[in-house]
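Notes follow once the structure below has been shown.
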Amino acid sequence: MAAKEVKFGRDARERLLRGVDILADAVKVTLGPKGRNVVIDKSFGAPRITKDGVSVAKEIELENKFENMGAQMLREVASKTNDIAGDGTTTATVLGQAIVQEGVKAVAASMNPMDLKRGIDAAVEAVVADLFKKAKKIQTSEEIAQVATISANGAEDIGKMIADAMEKVGNEGVITVEEAKTAETELEVVEGMQFDRGYLSPYFVTNSEKMMVDLDDPYILIHEKKLSNLQSLLPVLEAVVQSGKPLLIIAEDVEGEALATLVVNKLRGGLKIAAVKAPGFGDRRKAMLEDIAVLTSGQVISEDVGIKLENVTLEMLGRAKKVHVSKETTTIVDGAGQKSEINARVSQIKAQIEETTSDYDREKLQERLAKLAGGVAVIRVGGSTEVEVKEKKDRVDDALNATRAAVEEGIVPGGGTALLRAAKALSIKGKNPDQEAGIGIIRRALQAPARQIAHNAGEEAAVIVGKVLENCSDTFGYNTATAQFGDLISFGIVDPVKVVRSALQNAASIASLLITTEAMVAEVPKKEAAAPAMPGGGMGGMDF
């Protein structure tokens with residue numbers, strides 16, 4: 001086992017603080033509309049330019065093990081905030097640094113670290129309650145666009161695009177961000193439920209120009225197993241032919257005699273039909289077939305529930321206004337499912353999302369939720385160079401997450417103003433002077449984000465903060481982008497409560513741990529062995 005080095009008390013905390021400062025100083029320059037860029041070296045390819053706090057934090061690894069521990073703990077603040085709210089990483093880092101700096105000073109002045117922590121926790125609770133009280137719910141598309149614009153560092157086109165996407169697919173809908181092949185940034189919306197399975201035979205195509213199958217007002221047969229035997233399929237085919245409607249078959253597979261008969265019927269013009277494989281695998285396939293059944297008001301034909309294919313009636317089939325099938329995808333538009341049943345299914349999936357611990361499962365459940373709840377939108381981010389596209393994609397991701405958070409818990413005035421004003425809520429008293437000091441640490445730390453935003457814009461931070469606090473209106477603040485004081489809500493400068501709250505809670509949580517640290521253990525760095533000496537003697541027989 002390698003030898004370990006141990007640091008105690010003040011020495012340990014000072015080294016932690018040094019690591020915290022190095023990481024925070026690199027991250028905080030990106031805060032606000034006039035935040036600066038950080039250039040990150042990549043071992044291959046062009047350097048990456050970003051204004052995304054968490055991307056900068058992830059790149060920092062320090063040589064000194066004790067300092068690195070401090071940096072990594074602060075990095076945890078940024079990643080945790082990013083996981084919960086998807087934005088606010090830089091604000092969380094700035095708050096974390098401010099709380100740690102003040103806390104380490106207090107501990108050095110012989111205050112009790114545990115009482116400081118109790119004071120900090122009580123103060124954070126009071127501030128979060130105040131933020132919820134002042135939160136304004138988001139209703140209109142304009143408000144959504146404002147939040148997205150701010151989080152995208154003032155890019156109005158991105159803000160509007162995200163607002164359009166959320167309007168079209170609903171707040172629960174899936175919005176994915178991809179890199180475009182062109183210089184333009186564009187939005188594509190897929191209405192209805194789409195899954196990644198195309199037609200099983202090109203002979204089903206009805207639109208030969210686009211190689212698509214378009215079925216109007218079709219019946220939908222949802223079958224869990226393979227279909228290869230024609231006999232069991234005949235009764236339902238005859239019933240559909242008599243109704244004069246098209247038919248979409250979704251099954252594990254359709255092969256052999258069954259597929260051949262369907263193709264022959266289609267070519268002879270007797271039946272407008274298409275067959276596709278069921279989406280997903282294993283248990284997820286069963287769940288997705290159930291989703292399709294709920295959406296189209298049909299039943300999953302499965303021997304598990306005692307329904308045989310030969311006994312199927314038209315009432316058991318699903319219905320939809322339109323179905324489009326391409327070589328790779330199937331889209332069901334406007335299924336005939338009951339609103340109440342769809343909502344019940346949505347609630348069930350939401351409950352599963354809450355319970356799951358796997359990120360992969362959560363992502364797949366969210367996809368299912370979106371397909372049921374409204375549809376899928378894709379924002380394709382374009383740019384002139386690869387570096388520009390990556391930087392813009394970072395901002396679009398941030399903006400999208402911030403917007404979702406805003407819809408969830410509401411908004412408060414932005415630019416660090418909500419936290420500045422929340423200091424008024426700290427009229428609570430600690431049980432002793434050390435707890436009072438903990439409350440005071442948060443009171444001072446709440447000014448840090450507003451000061452940093454002003455500083456990054458080249459303004460005098462103390463003057464800006466002083467002027468904002470002179471005015472008693474909750475929404476009065478400073479617009480750094482235009483260098484104006486006024487009503488921040490009407491300027492459209494707002495922050496999601498979820499982002500501000502998560503930033504403060506995570507910063508205080510990690511900072512409290514750092515303040516109450518009394519010892520640190522790390523491996524002793526290995527000394528590099530000196531390079532061996534060159535063998536002597538020269539090369540015989542060579543005279544110069």
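Quick reminder: no glycine exception, Cβ is built from N, Cα and C everywhere.
Annotation source Swiss-Prot lists ATP binding site at Thr30, Leu31, Gly32, Pro33, Lys51, Asp87, Gly88, Thr89, Thr90, Thr91, Gly415, Asp495, citing sequence analysis.
Features recorded in Swiss-Prot, as mapped to the structure shown.
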residue	record	contacts (Cβ under 8 Å, 6+ apart)
Thr30	ATP binding site	Arg36, Asn37, Val38, Thr50, Lys51, Asp52, Gly53, Val56, Thr90
Gly32	ATP binding site	Gly415, Gln452, Ile453, Ala454, Asn456, Ala457, Thr480
Gly88	ATP binding site	Thr81, Asn82, Ala402, Asp495, Val499, Val500, Ser502, Ala503
Binding-site residues listed as Lys51, Thr90, Gly415, least Cβ neighbours within 10 Å: Lys51
Largest separation between Cα atoms (Å) of residues that the record links to ATP, namely Thr30, Leu31, Gly32, Pro33, Lys51, Asp87, Gly88, Thr89, Thr90, Thr91, Gly415, Asp495: 17
